[in-house]
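Going by TrEMBL, these are the annotated features:
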ACT_SITE  Asp289  active site, proton acceptor
BINDING   Asn10, Ala11, Asp12, Gly38, Lys39, Gly40, Ala41, Asn42, Glu138, Asp289  substrate binding site
BINDING   Asn178, Thr215, Leu216, Gly217, Ala218, Asp219, Gly220, Gly288, Asp289  ATP binding site
BINDING   Asp283, Thr285, Ala319, Arg322, Gly324, Ser328  K(+) binding site
DOMAIN    2-225  domain 'Carbohydrate kinase PfkB'
DOMAIN    270-330  domain 'Carbohydrate kinase PfkB'
Amino acid sequence: MDVVVVGSVNADLVVRVGRRPAPGETVMGSDLDTFPGGKGANQAVAAARLGADVALLARTGTDQYGARLVEGLAAEGVGVEHVMETEGASGVALITVDAEGDNSIIVSPGANARLTPADVTAAGDLVSGAAVVSLMLEIPLDTVTEAARAARRAVLNASPPRELPGELLALADPLVVNEHEAAFLLGAASADAVSEPAGMARALLALGPRSVVITLGADGAVVAEPPTAGPPGFVDAAAGAPDHAGVPEAAPGGVAAHGDGAPGRPEGAVVTVVPSPVVDVVDTTGAGDAFTGALAWRLALGDTLPEAAGFAAKVGAAAVRREGAQSSYPRGEEL
């Protein structure tokens with residue numbers, strides 16, 4: 001098995017608006033559209049569409065959405081033998097998409113909240129036998145931690161953001177966040193002190209994960225790794241210098257840089273800037289999940305983290321060109 005995703009399955013209820021309402025304001029929107037979603041399901045479908053052998057460990061409800069969501073996953077080629085039915089509501093995401101394609105999301109977890117560490121244990125070799133296990137935070141934190149313990153390599157998308165125990169951070173390889181999530185994990189004061197993405201990536205690495213990826217939307221991504229992960233012949237750059245300073249050649253997928261590091265990383269960190277293709281944005285819903293699913297698959301195939309992030313940036317860029325989450329994800333031949 002290339003990738004096992006332990007995570008959420010949601011029905012995405014989407015309304016498009018000219019602009020988001022202010023507090024106390026009502027605005028008119030489009031007709032309501034319903035799409036399959038959930039960060040776990042999205043990541044699994046993204047990987048499956050690219051050709052991955054992928055399975056999902058999750059829970060859905062007995063409402064009008066549950067069976068349809070599982071059928072859709074199976075049709076996409078995702079292994080659903082470990083998607084369990086739970087009495088009650090499925091997870092639901094309420095999504096507002098504005099005229100620029102940016103979204104705001106509220107998640108009602110439903111059955112996702114009842115995925116337990118015991119479910120991970122009961123899955124046996126499914127989790128421990130996968131090359132990569134992809135995780136996110138739309139399920140209980142103790143379940144995420146149990147899956148990370150069992151994984152050979154855990155990709156942790158820390159979204160929606162919450163405080164993370166040190167044990168879980170130490171198992172993340174990589175920790176995947178966007179800029180808002182990075183700022184949350186660092187704390188407001190620390191985030192202000194290192195407001196540029198490369199500095200934030202170094203600071204996150206100092207918190208204890210094995211590696212870090214910060215997604216930057218149209219600006220691509222930044223990868224931070226311990227110095228032993230850097231390219232041969234790497235040359236130190238001065239603290240505060242541009243990310244290309246002191247680099248003899250570009251690393252695969254972007255431009256590498258080496259700074260003075262952050263507390264806890266006395267030898268510094270290797271930072272790689274990964275560009276994104278320029279595209280016309282229609283809908284950003286689920287683009288981060290497309291990135292993470294693609295990243296997990298390429299890591300399972302043996303790519304370096306910068307190489308995998310470079311590929312994932314192309315997948316994420318392709319996803320924003322169409323409406324919806326899973327329905328927007330490209331297949332391998334489209335890239």
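Note that the numbers count up from 1, one per residue, in the order the chain is shown.
Keep in mind that glycine also has a Cβ here, set from the backbone N, Cα and C atoms.
Residue pairs drawn from Asn178, Thr215, Leu216, Gly217, Ala218, Asp219, Gly220, Gly288, Asp289, the listed ATP binders, are separated by up to 16 Å at the Cα level.
Asp12 (substrate binding site) sits 9 Å from Gly324 (K(+) binding site), taking the CA atoms of both as reference points.
Listed binding-site residues: Asn178, Thr285, Ser328; maximum Cβ neighbour count within 10 Å falls on Thr285. Ranking the binding-site residues Gly220, Asp283, Thr285 by Cα distance from Lys39 (substrate binding site) puts Thr285 first. A coil conformation is recorded for Asp283 (K(+) binding site) in the three-state DSSP classification, outside any helix or strand.
For Asn178 (ATP binding site), the nearest of the binding-site residues Asn10, Glu138, Arg322, Ser328 in terms of C-alpha separation is Glu138. Cβ environment of Asp283 (K(+) binding site): Val97, Gly101, Asn103, Val320, Arg322, Glu323, Gly324, Ser328 lie under 8 Å away, each six or more residues apart in the same chain. Residue counts for the domain 'Carbohydrate kinase PfkB' (270-330) by DSSP state, with H, G and I taken as helix and E and B as strand, are 32 helix, 5 strand, 24 coil. Rounded to the nearest whole angstrom, the C-alpha distance between Asp289 (active site, proton acceptor) and Ala218 (ATP binding site) is 15. Rounded to a whole number, the C-alpha distance linking Asn10 (substrate binding site) with Gly220 (ATP binding site) is 27 angstrom. Checked against Ala41 (substrate binding site) by C-alpha proximity, the binding-site residues Leu216, Ala218, Gly220, Ala319 yield Ala319 as the nearest. The K(+) site is defined by Asp283, Thr285, Ala319, Arg322, Gly324, Ser328, and by the 8 Å test on Cβ atoms against their centroid, the other residues of the chain that qualify are Val282, Thr284, Gly286, Ala287, Val320, Arg321, Glu323, Ala325, Ser327, Tyr329.
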